[in-house]
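Below you'll find the structure, written out as C-alpha cells, and then a few comments.
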Amino acid sequence: MTRTNSDFLTNSDPAIAGLINQELQRQRDHLELIASENFTSAAVLAAQGSVLTNKYAEGLPGKRYYGGCEFIDKIEQIAIDRAKQLFGADHANVQPHSGAQANFAVFLTLLKPGDKIMGMDLSHGGHLTHGSPVNVSGKWFQVCHYGVSQQTEQLDYDQIRELALRERPKLLICGYSAYPRIIDFEKFRSIADEVGAYLLADIAHIAGLVATGLHPNPLPYCDVVTTTTHKTLRGPRGGLILTRDAELGKKLDKSVFPGTQGGPLEHVIAGKAVAFGEALKPEFQGYSAQVIDNARTLANQLQTRGLKLVSDGTDNHLMLVDLRSVNMTGKRADQLVSEVNITANKNTVPFDPQSPFVTSGLRLGSPAMTTRGMGEAEFTEIGNIIADRLLNPDSDTVAQDCKRRVAALCDRFPLYPHLEIPVPVLA
C-alpha cells in the first residue's frame, strides 16, 4: 500500500494532523469572503508539500552558492519565465517570501534612509508597507500620504498631483489593500514624471485581474511592480517583483538576495510556477471575469438591501461596507457574520471616526467563493444572508436561518473533496 504524506503526519503527530483537519473542515463549512484569501489548486498544494522544501539555493538560477541545484534552477526559471509572460515583464524575481518583502527590496534598491515616499493613507485603503508609522517603511523614510476624495471616496488625481508637487517624494506608490475602483496608472506616471519620482505599483490585490486584462496593467507606466502571488492570482502565499527595465532588474535581484533575504523557499517557488501556469490557461480568464461579476452582484444586492458601500460600488474583487448608516461598528459586524460561518474582516473606511481596532467598515471579497464555483445567483443569496444578519443583529431566529443557508451553499460547492487527513482515535 502506498502511504501518503497525510498518513505520515497522522502517525507522527496526531495533534497537528487533527488541527489541520479541523482547519480544512472550517474552510469547507464557511463562506470565505476575506478579499485577500483564496483557495489554491491541489497541484499548488502538492508542489508546496514536496521534497523541494529540503533544498538550500542561495543565488539565482545558474549562479548558486550551493551545489545540487540543477533541478531547482529549472523550476525557478520556469517560474520566472511564466511570470514574465503573464504580466508582460522583461524581468521577474520570484524569490520574495511575501509582498512586504518584495516592497522592502524595492525600497532598498531605489531609496536611502531619510528619503521621502508618498503612498495612500492606510485608513483610506493603503497598506502598512506604504509608509505606516508602525511599519519599517514609516520609520526609515519620510512619509507623506494621500487619500480619497471625501465627496466621491475615489482617487482625486488633481489632489494627488498637488500634494506631490508640494512634497516632492522620491518614490510615489500606487496600489492598495482596500480600494474597490480602477487605478489610472498613466495619470500616476504623469505625476511621478512631473516631480522626478520613481513610480511603484503594488498590485497585490488585483494581480489576477491585471494578468487577464480585466484591470489596466501598470508595467507600461511604472518603474517597478510588486505583488503577492495569492489573492486574485490564486497561488501560494508569496511575493513577486516585476519590471521592464533589465538593468534595474539586476539591482532588484541584489536587493532580494543578499539585500533582504537569504535562501529562497524553493517549494513555494514551485507552487508559484504551477499557479502562473494555471493563470496562463484560458480557464483563468473566465475565472477572473466571474470574480468581478460576483463582486458586483454582491455589491448591488447589499445596496438593494439598504447598506452603504464606500465609493458606491466596486470595479474589482472587493467592496467596503460603510456601517455608519446602520449605527454599527466593523468589529460588531465581523462578529455577527462570523457567528453564522461567514469569514470577513473589519476594516477602516475613509475618514473613519473609529480606531483601527474597532472601525466602521466591513471588507468583503469574491475570489475564494468564486474558486469554489459560485456564480451570481449564489452571491445574490450571500448578499441577502449578510444583510439579514446585519440588519437583525439581535434575532437568534434570523441568525439560525442565516447559518442554515450558509451550510446549504457550502454543501453544494465542496472544497477539496479529495483531501482528508485521517486522525486516529486515541485511547
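Note: Cβ is positioned from N, Cα and C throughout, glycine not excepted.
Per Swiss-Prot, the features are:
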| type | residues | note |
| --- | --- | --- |
| BINDING | Leu122, Gly126, His127, Leu128, Ser355, Pro356, Phe357 | (6S)-5,6,7,8-tetrahydrofolate binding site |
| SITE | His230 | site 'Plays an important role in substrate specificity' |
| MOD_RES | Lys231 | N6-(pyridoxal phosphate)lysine |
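Positions of Swiss-Prot features highlighted on the structure.
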residue	record	contacts (Cβ under 8 Å, 6+ apart)
Leu122	(6S)-5,6,7,8-tetrahydrofolate binding site	Leu128, His130, Ser132, Thr348, Pro356
Gly126	(6S)-5,6,7,8-tetrahydrofolate binding site	Gly119, Met120, Ser132, His145, Tyr176, Ser177
His127	(6S)-5,6,7,8-tetrahydrofolate binding site	Gly119, Met120, Gly175, Tyr176, Ser177, Asp202, Ala204
His230	site 'Plays an important role in substrate specificity'	Ser36, Glu37, Asn38, Thr40, Pro236, Arg237, Gly238
Lys231	N6-(pyridoxal phosphate)lysine	Ala35, Ser36, Glu37, Asn38, Ala204, His205, Ala207, Gly208, Pro367
Ser355	(6S)-5,6,7,8-tetrahydrofolate binding site	none
Phe357	(6S)-5,6,7,8-tetrahydrofolate binding site	Lys331
Candidate with sparsest Cβ neighbourhood (10 Å radius) among Leu128, Pro356, the listed binding-site residues: Pro356
